[in-house]
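Notes follow once the structure below has been shown.
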Amino acid sequence: MNHPQPITMPIPGHIDPVPVPRDLKPRVDGRIDLLGLSRDDLRMALETAQLEPRQAKLRAKQLWHWIYNRGATDFAVMTDIAKDMRGWLDQRFVVSRPEVVEAQVSTDGTRKWLLRSDDGQDYEMVFIPDADRGTLCVSSQVGCTLNCRFCHTGTMKLVRNLTPAEIVGQVMLARDALGEWPSQPEGRMLTNIVMMGMGEPLYNFDNVRDALKLVMDGDGLALSKRRITLSTAGVVPMMARAGEEIGVNLAVSLHAITKEVRDEIVPLNRKYGIEDLLQACADYPGANNARRITFEYVMLKDKNDRDEDALELVRLIRKYRLPAKVNLIPFNPWPGAPYECSDPDRVARFSDLIFKAGISAPVRTPRGRDIMAACGQLKSAAEKKSRAELDRMAAEKQAALG
């Protein structure tokens, strides 16, 4: 079989290549969005609006409960706050949600939302229901700088980082859609979060960290760090910091075990090689047999799926004494993709070789392929549909809501 010649991709740039200003900027209507603010920033926003410090502390506590525990977006429903104070808040502040441009449901129950920011940037999130859990796949950037050749998002240019409000807003919107307010630890559909949507989370470290701290706060969304996984293609200098400052589970987009192949399909490898990446995994704070590091490995026909590749992967995991499991991902096709998925028998053989070495290597069942929501298929629909068409859809949605 003839393969396309490898294309030399630019090596991704420095950390946080598109910084987002962290000062509070009013919306077009002059109001400040409270979503995404830390407790201290929420209190400071009230003080800046001339509320005296003692009042600001009390109101911040009440607002926190209504925003993150009850899911409120309207100050009028916050009944333990005096009516005149609710009016005062409504004049100065807002609790936002991302704009939903399009919502799709797969035949397997997977849901995908196309979202649009205030400045007109589009990004996607996906909810994957299972019998024992429900996982929300969250985006961290509009586009991506990594250029991974098997990934649809990698064909997009990086536009900008998502803000903490835009990241946590995806979780809030999913809770809205699932009817899961007030927040409660038992019986909810949204049980897990994976930072595996559009973008490289560690190239937007501060905003991802701040958003996940909101998600993990016990007085609000209250999702345990053990139910959150952050995926990186291998931004080695930021991995230890992620473990120390966020402390969630780590997944690594490995996908190849030779320099030649990984340089081609994950260009970041030319900056941070496999050996350095695996050492960073070995040093990751909190990794142990109860909290294993997940290695993601997309199965590409005649590219990375030989028996020798499986055995070398086992050798490397043992060499670095990594508490690890391997997720084997059948390649999910997208228009113009340069690869094909490995044959099912080859995937099964690859998995079996790793299992026989005592390392868990399940094959992930593709979910949401029919709506381009599966792993590696996300791409802003603004690049697949005309802006006029998207605007028309948004207008029709608004008209339907009255």
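Yeah, the Cβs are placed from backbone N, Cα and C, and that goes for glycine too.
What Swiss-Prot lists as active site, proton acceptor is Glu124. The domain 'Radical SAM core' feature in Swiss-Prot is assigned to 130-370; the stated evidence is sequence analysis. Under the heading disulfide bond, Swiss-Prot lists Cys137-Cys375, citing sequence analysis as support. Annotation source Swiss-Prot lists [4Fe-4S] cluster binding site at Cys144, Cys148, Cys151, citing sequence analysis. The annotation S-adenosyl-L-methionine binding site is assigned in Swiss-Prot to Gly199, Glu200, Ser231, Ser253, Leu254, His255, Asn332 on the grounds of sequence analysis. The active site, S-methylcysteine intermediate annotation in Swiss-Prot covers Cys375.
Shown here: features listed in Swiss-Prot, placed on the structure.
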{"residue": "Cys137", "record": "disulfide bond", "contacts (Cβ under 8 Å, 6+ apart)": "Met125, Val126, Phe127, Ile128, Val194, Met196, Gly197"}
{"residue": "Ser231", "record": "S-adenosyl-L-methionine binding site", "contacts (Cβ under 8 Å, 6+ apart)": "Val194, Met195, Met196, Pro201, Ala251, Val252, Ser253, Glu296"}
{"residue": "Leu254", "record": "S-adenosyl-L-methionine binding site", "contacts (Cβ under 8 Å, 6+ apart)": "Gly234, Arg262, Ile274, Leu277, Phe295, Glu296, Tyr297, Leu313"}
{"residue": "His255", "record": "S-adenosyl-L-methionine binding site", "contacts (Cβ under 8 Å, 6+ apart)": "Cys148, Phe150, Arg262, Ile265, Val266, Glu296, Tyr297, Val298, Leu300, Asn304"}
Three-state secondary structure, Ser231 (S-adenosyl-L-methionine binding site) (per DSSP): strand
When distances run from the Cα of Glu124 (active site, proton acceptor) to each of the binding-site residues Cys144, Cys151, Gly199, Glu200, Asn332, the nearest one: Gly199
Local Cβ density at Cys151 ([4Fe-4S] cluster binding site) - other Cβ atoms counted within 10 Å: 26
Least Cβ-crowded entry, counting other Cβ within 10 Å, from the binding-site residues listed as Ser253, Asn332: Asn332
Fewest other C-beta atoms within 10 angstroms, as judged across Glu124, Glu200, which are the recorded positions: Glu124
Local Cβ density at Cys144 ([4Fe-4S] cluster binding site) - other Cβ atoms counted within 10 Å: 27
Segment-level pLDDT (mean, integer) for the domain 'Radical SAM core' (130-370): 92
Coarse DSSP state, helix versus strand versus coil, of Gly199 (S-adenosyl-L-methionine binding site): coil
Glu200 (S-adenosyl-L-methionine binding site) and Cys151 ([4Fe-4S] cluster binding site), distance between Cα atoms, whole Å: 12
C-beta crowding around Cys148 ([4Fe-4S] cluster binding site), within 10 angstroms: 24
Assigned element (helix, strand, coil) containing Cys137 (disulfide bond), judged by DSSP: strand
Integer Cα-Cα distance in angstrom, Glu200 (S-adenosyl-L-methionine binding site) to Cys144 ([4Fe-4S] cluster binding site): 7
Packing count at Gly199 (S-adenosyl-L-methionine binding site) (other Cβ atoms within 10 Å of its Cβ): 29
Inter-residue Cα distance where the pair is Cys144 ([4Fe-4S] cluster binding site) and Gly199 (S-adenosyl-L-methionine binding site), in Å: 5
Rounded Cα-Cα span from Asn332 (S-adenosyl-L-methionine binding site) to Cys144 ([4Fe-4S] cluster binding site), Å: 18
